[in-house]
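Data block below; observations after.
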Amino acid sequence: MAPPTNQRKRKAVTRDEPEISDVESEAEFGDGILEGILSQSEDESDDSAAEEDSEDEEDLDEEELEALDSDEVPSENGEGEGSMTRTSLNKINADEDDDKPNYTVVKDANGGERYVYEEINPVYDSDDSDAQEPTNTIGNIPLSFYDSYPHIGYDINGKKIMRPAKGEALDALLDSIDIPKGWTGLTDPSTGKPLNLTQEELEVLRRIQTNEVPEDGYDPYPDYVPYFSGVEEIMPLSSAPEPKRRFLPSKHEAKRIMKIVRAIREGRILPYKPPQEREEEEEEHHYDIWQNEEAQPDHIMKIPAPKPPPPGYDLSYNPPPEYLPSKAERKEWEATDPEDREKEYLPTAYDSLRKVPGYDKFINERFERSLDLYLAPRVRKNRLNIDPASLLPKLPKPEELKPFPTVTQTLFRGHDGRVRSLAIDPSGTWLATGGDDGTVRVWELLTGKQLWSAQIGDEEAVNVVKWRPAKDAIILSAAAGDDIFLMVPTIIDPVAESNSRELLDAGFGYATNATQALTANGQKKEPVATWARPTSRLQDEGVLIKITVRSTVKVINWHRRGDFFSTVSPTAQKSAVAIHTLSKHLTQIPFRRLPGIAQTAQFHPSRPIFFVATQRTIRSYDLQKQELVKIIQPGARWISSFDIHPGGDNLIVGSYDRRLLWHDLDLSTRPYKTMRFHNKAIRAVKYHKGGLPLFADASDDGSLQIFHGKVVSDAMENATIVPVKVLKGHKVKSALGVMDLDWHPKEPWLVSAGADGTCRLWT
C-alpha cells in the first residue's frame, strides 16, 4: 500500500539563497549572535520557516503511517501504544487545521502572484480583542446626507455602518436619572451613538480640575540629587575666590545686543509679522494723490497774512499780581465804551487751570480777525537782508599793530600831592612836571633821575607845564595861579642856554619902545598882562620871565614856530583866551566875547587856524582872515581836552561824561566815531607827533587806553580805529586818577601823571 500523500501545499521559493558556511559566518560576525536579525525580508524568512516545518511534519507522518501499516503483533503494552498512537494522530489532524495558511495565492494584473489574507475574526482569546470599533470614514461630509439611508457611513473595509437603534423617551428619562459613568449627554456625529468618556479621560479631567499635572506618574517634587556625586566632601573642590566677571555685566553680551540694536535701527531686522499680515500689506497699495501735482508760483500780488500777536503775561490764567487790575481800574474799564478800551479783556487770576471757564469773546475775536484779513489792506515792507557782521569793518589784530606801549619802564617819584601836568622836550631827553606842591621839576626820561627843580608857586599849584617846540632855543613855560613863568633850566649845554636867554631878553627892548594904547578919553589902557622879571632867587634858578594875567591859567599851548603861545583862563570872562608873542613881550585878547566858558585852545599844526573849545563846542578861526571857519559839535556835555592830528584833518575830543570822540574835519562837524571805554571822566587826550598812528586818553578810573588810529590820504577811505591796550598802574585818590599824558616825539613811549604823586614811563 502506498503511503498517503500530504495534502498541504508548500510555498514555492521565489529565489535561491546562497549557502553560507559556519566558519565564514563566525569569522565575519564574531560570536554569531544574530537573534532577531533578518538577513533578507520578512516574507522570505516566513517562507523558509514554513518550508522547514512542512519537512518535519512530512517525516513524522511517514513514520507514523509506517507504524500503523505494519503486520507485527503488538506486545503486552500494545494497547497503550495503540492508544498513544491514536492520540498523536488526532493531534496531527488538529495541527493540520491550525497550521493551514491564512492566505490564498492569486494572480495579479501583471501575472504575478498575489497573497490575499483572510479577514480576522476576533474572539475572546484573540490578540485583536482591544481593537476599536470600526470608525466612519466618510470624511468631512455632514451626516444629514445619510438621513434617508439605514446606514450612516462606511468603515475602512468599505462595509456599511448601520444606524444604531434610538432609545425611546422612557430610556432617555432613565438615562438622565441614572447617569452611567462617562456619560456626557452628547452624540458622536460619526457613529450616531452616545459619546462616553473612558476611565483614562475621566482621570485626566479630574487632574486638570484639581490643578495637577495631567500626565500620570509625574512627580512635581522629586528627591534632590546632589550636583556632584551625592557623597559629602570634607575639602572644597575649589577654594578660588569668585571672579570679578560674575559681578560685572558681560561685554560680549553687550556687543551682541548692540549688534542687534544697530540692525534694528538700520532696518535689517524687522519685527515678526505673521505671513498672513505680511501678504496683506504687500497686497495693499497706497497711492499719493498729490504725486503728479506741480508747484505753482504765488500770485505777484499775494501777501501773506500777518500773524496774530502772541499772548502776554496778562493773558495767563494766574498772572503776576502787578498785572491784575484794582477795583478802581476795573470800574473805569467797565464804564468805558468798548470801542475806547485799550484791551478787550481784563486779566483774571484762577487757582488752577481746570477752573478757567470758556473764553466768551472767542467768536468775536475770530470774527474781527476774519474782517481784518478780508477788508484791511496789506502793505509789503522790503527789508534789507544784510548780515550785520558784514557792516562792521575788518579790524586787524592788536599783535599786528605793534609797537605800542605795554609796560611801565620808569617810575618818577618826588612831588608832594598830585602831579597835574607834564611835558617831554622836543629832543625826547627830559621830562618836565608840575604839581600841587608848586614846584617845576625836570627829570631824565630814561633813568627817572631828577636833574632840576624850581619853586614858582608859594601857595598855588602848578597847573600846566609846556616846552617850546622849536629846537633853536630850549625854553620851558609853566603856570601857577595867574602867573606864567618862562624859564631856561641850567642843565642844558651853554650854547643852547645862551641862545635861549638872548631870545627871552630881546623882547624887553621892544616892549620899552612900543607905544601904549589909549582909551577914548585919552587915558592909558590897563594892560591885559604884565611882562616882568621875577625875583633874583628865581632868576638864579633859571626862571627869567614872569607874565601876570587877570585870572588863573589852566592851559598853555605853543605855536609850531615857537614865537606865539596861547593861554586859557576859564574863570575870566573877556580875557579867557590870550595869545602871547615871545619876541615882542606882547599879550593880545583875540575874542571880546565867547558863547560859553572856554576850556582849552590850540593852534593848527600846519595852517593859520586857531581852535577854541568851550563846554559843548569847538570853534575854529582863521587868524589871517580873522573869521570863523567852522563850529565842531562833538555832542558831549562838558569837553575836557582835545588834540589835533599832525595831518591837520582829524581831531579827538575827551569829555567829562566818559566819551572819546573822533572827528573828521573834512567829513562832518559831527563825530565820526564815539568810544566809551572808561567808567569815569576823561582828563586828557593826545596824538603821537612822531609819525606813529597812535593816540591815547587818560581817565579818572586810573587807566590809560591806547588806540591805533590809521589815517590815509585817500579821501574815499575813513580812518581805522582799533583799541590795542589798556594801561593800569596809577592809584585813584580823591576820585582822581590820571591827570595828564604826553608822547615821546620819536619813540612809541608814553608818560602819564597821576593823582597819586607819581609819573610813569610806559614803553
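Heads up, the Cβ atoms here are built off N, Cα and C, so glycines get one too.
Positions annotated as compositional bias 'Acidic residues' by Swiss-Prot: 19-29 (among others).
The compositional bias 'Acidic residues' annotation in Swiss-Prot covers 41-74 (among others).
Taken from Swiss-Prot, the feature compositional bias 'Basic and acidic residues' covers 327-341.
Residues or ranges marked as region 'Disordered' in Swiss-Prot: 1-110 (among others).
Note: the region 'Disordered' (318-341) comprises 15 helix, 0 strand, 9 coil (DSSP; helix = H, G, I, strand = E, B). Positions annotated as region 'Disordered' by Swiss-Prot: 318-341 (among others).
The annotation repeat 'WD 1' is assigned in Swiss-Prot to 414-453. Long-range contacts of the repeat 'WD 1' (414-453) within its own chain (CB-CB distance under 8 A, at least 6 residues past either end) are made by residues 459-467, 469-471, 474, 476, 478, 480, 485, 487, 489-491, 542, 733, 736, 739-747, 751-759, 761.
Note: the repeat 'WD 2' (457-497) comprises 4 helix, 16 strand, 21 coil (DSSP; helix = H, G, I, strand = E, B). Taken from Swiss-Prot, the feature repeat 'WD 2' covers 457-497.
Residues 554-555, 557-560, 564, 566, 568-570, 574, 576-577, 579, 639-646, 648, 651, 653, 663, 665, 669-670 of the same chain sit 6 or more residues outside the repeat 'WD 3' (593-633) yet have a Cβ under 8 Å from a Cβ within it. If you look up Swiss-Prot, you'll see 593-633 marked as repeat 'WD 3'.
For the repeat 'WD 4' (634-673), same-chain residues at least 6 beyond its ends with a Cβ under 8 Å from one of its own Cβ atoms are 599-600, 602, 604-607, 611, 613-618, 679-687, 689, 691, 695, 697, 699, 705, 709, 711, 715, 718-719, 721. Annotation source Swiss-Prot lists repeat 'WD 4' at 634-673.
Long-range contacts of the repeat 'WD 5' (677-717) within the same chain: residues 398, 401, 403-405, 640-647, 649-650, 652-660, 662, 666, 723-732, 735-748, 750, 752, 754, 762, each at least 6 residues beyond the stretch ends and with a Cβ under 8 Å from a Cβ of the stretch. Look at Swiss-Prot and you will find 677-717 tagged as repeat 'WD 5'.
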Residue distribution over DSSP helix, strand and coil in the repeat 'WD 3' (593-633): 0 helix, 20 strand, 21 coil
